[in-house]
Amino acid sequence: MKSLLFLVLISVCWAEPHPGNSSLEHERIVHIQENGPRLLVIAEQAKIFSHRGGNVTLPCKFYHEHTSTAGSGTHKIRVKWTKLTYDYLKEVDVFVAMGHHRKSYGSYQGRVSLRESSENDASLVITNIMLEDYGRYKCEVIEGLEDDTAVVTLNLEGVVFPYSPRLGRYNLNFHDAQQACAEQDSVMASFDQLYDAWRSGLDWCNAGWLSDGSVQYPITKPREPCGGKNTVPGVRNYGFWDKDKSRYDVFCFTSNFNGRFYYLIHPTKLTYDEAVQACLRDGSQIAKVGQIFAAWKLLGYDRCDAGWLADGSVRYPISRPRKRCSPNEAAVRFVGFPDKKHKLYGVYCFRAYN
């Protein structure tokens, strides 16, 4: 047994590299091409700002580190744009181009193309921007075995607002919250959007769903019922909860609209059903909550008259605080969800432009 072990040790100590192994290792080194052209993908701007209904270009260009040309010419260039989820674990296909072949996906179909202002330009053009387009986009360029990526964030001008339905606070699971925002001409807000709103002064003590499935709320004036008066201002995080069983409010995001928001001048106050019909007779529809917030925040709309909205709530927008009209702050004032059949108010209408 000892003799056998001794022979094995000798064999290991005296074993020499096989010529074939050396050749394989050499081939790997050549394949990496450490001193050859290296593909670089660059976004000239990390953040791009736009608004709903607008057009935007997400910048992306590609180069070779050791050459002045855009491509080596030996391989076709493949450009792929995807949208990243909040945790970067999933990517949603947006657009792919290779040679003369082009393909767009989902809601981006018919709205995206490459700018191609030069042979190394992979910038993505998005037209008729939707609220859902907000987020981070990855530009990936592939040439043969080389590839590189760059990330660009598309920010939208808009407003974040808290929302709870007629049933009262904490009655929405995640899916209900998504639907509630959609019904009010908005989408669920992201954390970044809520954070920006908090920095702009949004203070709300009720926790609400965000688009990433977390539950949070913004506090600018710490007080006992909202985390304690001795705490620091900030966006408080409840963490991630069961999307089916857990129930909270929701923070929605909306942007500008293609239409006219207005208070309908009418000789009398109206019940809810009368308000709906009055807007229809005027060639409009009763306005949604997202539309009153957008008009207030983005257009400076100011009106001291309480009016019905589509969800059955009554609100009014104040941009210039004054006595009897939100004397302490500019805000969309919430009256409540009055009895639709018996309570009388004015109405806010919205007329879409074709």
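Cβ atoms here come from the backbone N, Cα and C positions, even for glycine.
Look at TrEMBL and you will find 1-15 tagged as signal peptide.
Taken from TrEMBL, the feature domain 'Ig-like' applies to 37-153. In the predicted model, the domain 'Ig-like' (37-153) has a mean pLDDT of 90.
Residues or ranges marked as domain 'Link' by TrEMBL: 159-254 (among others).
Feature annotation from TrEMBL assigns disulfide bond to C205-C226 (among others). The number of other Cβ atoms within 10 Å of the Cβ belonging to C205 (disulfide bond), over all protein chains shown, comes to 15.
Taking DSSP states H, G and I as helix and E and B as strand, the domain 'Link' (259-351) has 21 helix, 30 strand, 42 coil. Feature annotation from TrEMBL assigns domain 'Link' to 259-351 (among others).
Counting only same-chain residues at least 6 apart in sequence, those with a Cβ under 8 Å from the Cβ of C325 (disulfide bond) are C304, Y316, I318. Among the features that TrEMBL reports, disulfide bond is placed at C304-C325 (among others).
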Candidate with the highest Cβ count within 10 Å, taken from the disulfide-bonded residues C226, C304: C226
